[in-house]
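Undergrad: OK, Swiss-Prot features for this one:
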type	residues	note
ACT_SITE	5	active site
BINDING	164, 167, 170	Na(+) binding site
């Protein structure tokens, strides 16, 4: 659906508590041309308590980031409620309905995908992978989560490297954020 990026979020339960990490590559393409290799597609929101990443049209994603952060502020950082309220707006607002982007969002309690159709999805295994390299990153993250003791951040790093080796729209310049 979206070319030009891979976003991956992993949550891991450890004896010390829940680890949550999100990462993305930095490649931006315009058709078949790489126009930027160091874009920052993941960030912390709501006073550093929520992680978010986007795949899709950049301007559309920034619009969603702004609206999602406003919902987080309005609902005191409650991730699920903010996501649902954003998707309600998404489905009823004529401008939002035309936005071509997906968001991956996570806090200490939940990880969610907010789709371009206005859906909110919570993955069962705590792994979110979106964008053109998402399937590669998802498979790598599942294997690493199930068969290693790597931290969530290290799983994100390794899985993004694997996706970057396989997906022509994903590069090796990664930004990784953790909670």
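Along the chain as shown, residues are numbered 1 onward.
Placement of Cβ uses the backbone N, Cα and C atoms for every residue, glycine included.
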Undergrad: Work through the binding-site residues one by one (164, 167, 170) and name whichever has its CA nearest to the CA of residue 5 (active site).
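TA: Result for residue 5 (active site): the nearest of the binding-site residues is 170.
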Undergrad: Which chain neighbours of the Na(+) site, leaving out 164, 167, 170, have a Cβ atom within 8 Å of the mean position of the site's Cβ atoms?
TA: 6, 25, 27, 132, 133, 136, 137, 160, 163, 165, 166, 168, 169, 171, 172
Undergrad: Comparing the binding-site residues 164, 170, which residue's C-beta has the most other C-beta atoms within 10 angstroms in this structure?
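TA: When each Cβ's neighbours within 10 Å are tallied, 170 tops the list.
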Undergrad: Find, for the listed recorded positions 5, 167, the residue with the lowest Cβ contact count at a 10 Å cut-off, counting only other Cβ atoms.
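TA: Checked 5, 167; of these recorded positions, fewest Cβ neighbours within 10 Å: 167.
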Undergrad: Should residue 170 (Na(+) binding site) be counted as helix, strand, or coil on the basis of DSSP?
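TA: Going by the DSSP assignment, residue 170 (Na(+) binding site) belongs to neither helix nor strand, so it counts as coil.
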